[in-house]
Structures are given as structure tokens and as C-alpha cells.
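Below: one structure, written as C-alpha cells.
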Amino acid sequence: MRAQPAASHFVDGRPLEDETGAPIPVIYPATGEEIARLHEATPAVIEAALASGARAQAAWAAMRPVERARILRRASDLIRARNEELSLLETLDTGKPLQETLVADWASGADALEFFAGLAPAVTGETVPLGQDFVYTIREPLGLCVGIGAWNYPSQIACWKAAPALALGNAMVFKPSEVTPLGALKLAEILIEAGLPPGLFNVVQGRGGVGAALVTDSRVAKVSLTGSVPTGRRVYAAAAEGVRHVTMELGGKSPLIVFDDADLESAIGAAMLGNFYSAGQICSNGTRVFVQKGIKEAFLARLAERADAIRMGDPLDPEVQMGPLVSQAQLEKVLAYIEKARAEGGRLVCGGEASVSPGCYVQPTVFADVTDAMTLACEEVFGPVMAVLDFETEEEAIARANATDFGLAAGVFTADLTRAHRVVAQLQAGTCWINAYNLTPVEAPFGGVKLSGVGRENGRAAVEHYTQVKSVYVGMGPVDAPY
């Protein structure tokens, strides 16, 4: 098969196979072709991964941060040197077009490794003077971490979790989504080639049962999940049993607010990026596009024109701009949401159909006249389906934007920067953009509020979530006791 890896798992520095585990077929969503067949981790594989990680972590934590940094920097350089072949694998694994994977997936992963390599030697404690006594603090690694990935950005997510964990002295056992399991294996190989000691980044494959076994193991100190809200609830509850640290990057139903003084072409471009990039399969997408009434019809007319021009087709064609959804199951889910939007009274502006057979393709779709109570405005679709809602006043837009249980992201388009900052200050979202959308540089924290998650990925903020603080009180004089 065209993308068959050496083995299903990567444990203690080498590929590991156990064919007694349940099979995991890997399907290229553009054609339905099976491109690899892996096997789910058995209890023996899970134990080997956890044991080797726990065993290797102490020596890694004792290493000088600058030495850890050199290894991660080498891994970043290797990824960049092999970006083309890695991007091809990402396209086969996910169905995303090469036009995207060449610039957005492994490239971001390399950025994360490089950023945290640079940050690691600068992580220090503080001194608190107390007269002649004083306290100093030490930032220590948590220990053995578990990372659980999603299927939309599998390799980027693996890097976003591995980079801070490893840079700060932890070990990680990573379980990718069973839908897109290939990229994490490549990352494990590259880290070993770069000089990472065996056991510090292990990859095990599997479905929810494997994740549950990892999360509930007593040796695990931290769980970082990217996934849906229902999955997040289960993982959070399981982690709570052991009072483990958690980072949860979950779903969203994010608002993108377009005021009537906005640059129309830029706002439309952002709305398209926030709904159609990666075939709409991005957690931070601005799927509720609030457009001020005075410009709504002009916005819709130009949006339809640009959406109809999107080139769909074979993701391996470098000219193709939009590929298929990740699976047949996801295709059926998205088409059901489209039919529900029709039935509930949404006005179809463009798209609305499956496209480019065979494969899991859906046309870029826009519904107008959507109301806050419609399913399309309330639930995460995870497909190329945009809901356009109109509003009259700033206060109305803010109130309706916040009327959701989600809080991952939000965007504002306006020429009035005073208004932009005023609006953003009131939006209940962890990540916001002004006159931009879905740009997520690794230098900046990323994460949500409300049901969209806890904790932050990336930026200096990630240090807080992969370390713990030890306080040391130093007494400089005699100890007085009252007895």
C-alpha cells in the first residue's frame, strides 16, 4: 500500500508492531483507496509505551535545557528539509490539498519545535526577598504526559503538543486519531534521528479505549487533548480521577463580525478562510458570520462569486484549492446539516451539494437569513458550510456573538480600530482577530473558554501547562520556637 509505515506504533526509539490489535484501515478520502493498514495498541503495547516514557523522563529533565533545545532545533531543521515528502503524506492521510499542506501543517510543526527550543533555556524561577530570609522558585517538568490528537491537523497537533512537553523536560505518549494516524509516526522517527533519547516520544495507535487506558494510568501527570466537546468531557472526567493536569482544546462555533465600514474584499476573504480552508474542518472557524444589514446583500453577492470560483479536485494537484472531507462519515454528517439548514428556512446562496465523485467532497456552501435558533447557528458542523446572519447595532452583534456555550475564537472586521478593540474586549473567546482570521502563529497562545476548553497551546503561556512551580524557603538565621 502506498503509505504503509514500518509499523503501527513507535515505542522506545523504534517501530513496534503487534498484529493482534484490531485493524485500523487508513483511507485516502479523495478516492476511497486504502493506503495503509495499522493495528490498535494492545495492552502490552500501551504498557511498553508508558513504561519507557516514565523510565526515560528523569534523565531528560536533568539535562541542561540548552542541550534539549539543540535536539528539538535539529528536528525542526529535518522537518523543513523534508517538507515536500511530509506534506505529501499529510495530503494522503487527510485529503487536504498540497496547496495547504505544503505551507500550513508540518511547517507550523517545525515552527513549534523551533520556538520551544529557543524558549527552554530561558525558563527560570524567581527570588522573593523576605528580610534576611528569601524564597526562590524552580519550574519543574510535570513528568509523563499523554497527548491525544485530532484528525484535522494531525502532524501539526502532534508537534504542538510534543514541542513544549519535551522542551520543558517531560516525556510524552501520543495517540493520534485513528482516522489520520500516519504523521505522528514520522515525527517520532525524526525526533530520534535528531538525537532524542528513546522513550521520550512514543506513538500508539487506537480508538477511544486506548486513549482511556493512557489517561487513567497512575504514571501519567498530564493530559493534552485536541478533540470534540463530548470527547473532552470524557477525557477531562477520567483525568480528574487522578487529579491530573489537563489542556483541552475543543470545539467552537465562533463569530466573525463584519461592520459596514469594513474592507469588503478582506472581510469576504477572511470569511472564506474561516469556513472553507481545510474543507471547513478547523475548530476555530468563524462559522457564524454576522454582517451588518446595510452591506449584507453586497457581501453575499461577492462571496458567492468568489466561492463558486474555488477549484476543487485531486488534492495532489498543486492547483487544487479545496479537497474532500476526511471520511465518508464526515461527508454524511455535513450533508445532513445542509439539509437541516434548508428545512429550517436558511436561504441557500451557493453550494449545498456533494461534488467531485468519487471522494468525500462537498461544495463550499453559504446559507443566508440564518437565525440564532437554527441548528446551523448552534452546532459545530466541521465542514465547508457558512452561516450568514445580519445585525444592526454593535451591542446586538456582541450579545448574539456571545450567546453560545462555545468560546474558542472570534473575529472583527472594521475600519474603526477603536471600535474593534472595544468589541474584542467584550467577546467571550480565548483567541480573537481584528481584520484577520485563523492566523495561529506558535509565538501566540491558542485556546478557548467555556466549552471550548481549558489551558493554552503555544506561546509562553504553554510553559504554565507543562511545568509546576516548586517554592524553596531559605532561612538565614536561627529558628525560634514557642516551646
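FYI, residue positions are counted from 1 along the chain as it appears here.
In case you wondered, yes, glycine gets a Cβ from its N, Cα and C as well.
Look at Swiss-Prot and you will find Lys161, Glu457 tagged as active site, charge relay system, backed by sequence analysis. Per Swiss-Prot, the feature active site, proton acceptor maps to Glu249. Marked as active site, nucleophile by Swiss-Prot: Cys283. The K(+) 1 binding site feature in Swiss-Prot is assigned to Ile27, Asp93, Val179. Marked as NAD(+) binding site by Swiss-Prot on the basis of sequence analysis: Gly149, Ala150, Trp151, Lys175, Pro176, Ser177, Glu178, Ser228, Val229, Pro230, Thr231, Gly251, Cys283, Glu380. The K(+) 2 binding site annotation in Swiss-Prot covers Val243, Lys450, Gly453 and rests on sequence analysis. Annotation source Swiss-Prot lists cysteine sulfenic acid (-SOH) at Cys283, citing sequence analysis.
Of all the recorded positions in the list Gly149, Lys161, Val179, Gly453, Glu457, the shortest Cα-Cα distance to the residue listed as 'active site, proton acceptor' is found for Gly453. A sphere of 10 angstroms centred on the C-beta of Val243 (K(+) 2 binding site) encloses 7 other C-beta atoms.
Cβ neighbour density within 10 Å is lowest for Lys450 among the recorded positions Lys161, Lys450.
Largest Cα-Cα distance over the residues recorded as binding NAD(+), namely Gly149, Ala150, Trp151, Lys175, Pro176, Ser177, Glu178, Ser228, Val229, Pro230, Thr231, Gly251, Cys283, Glu380, equals 23 Å.
Take the CB of Ile27 (K(+) 1 binding site) and look out to 10 A: across all protein chains shown you find 20 other CB atoms. It is 17 Å from the Cα atom of Glu457 (active site, charge relay system) to that of Trp151 (NAD(+) binding site).
Following the DSSP three-state reduction, the secondary structure of Lys161 (active site, charge relay system) is helix. On the backbone, the CA of Lys161 (active site, charge relay system) and the CA of Thr231 (NAD(+) binding site) stand 18 Å apart.
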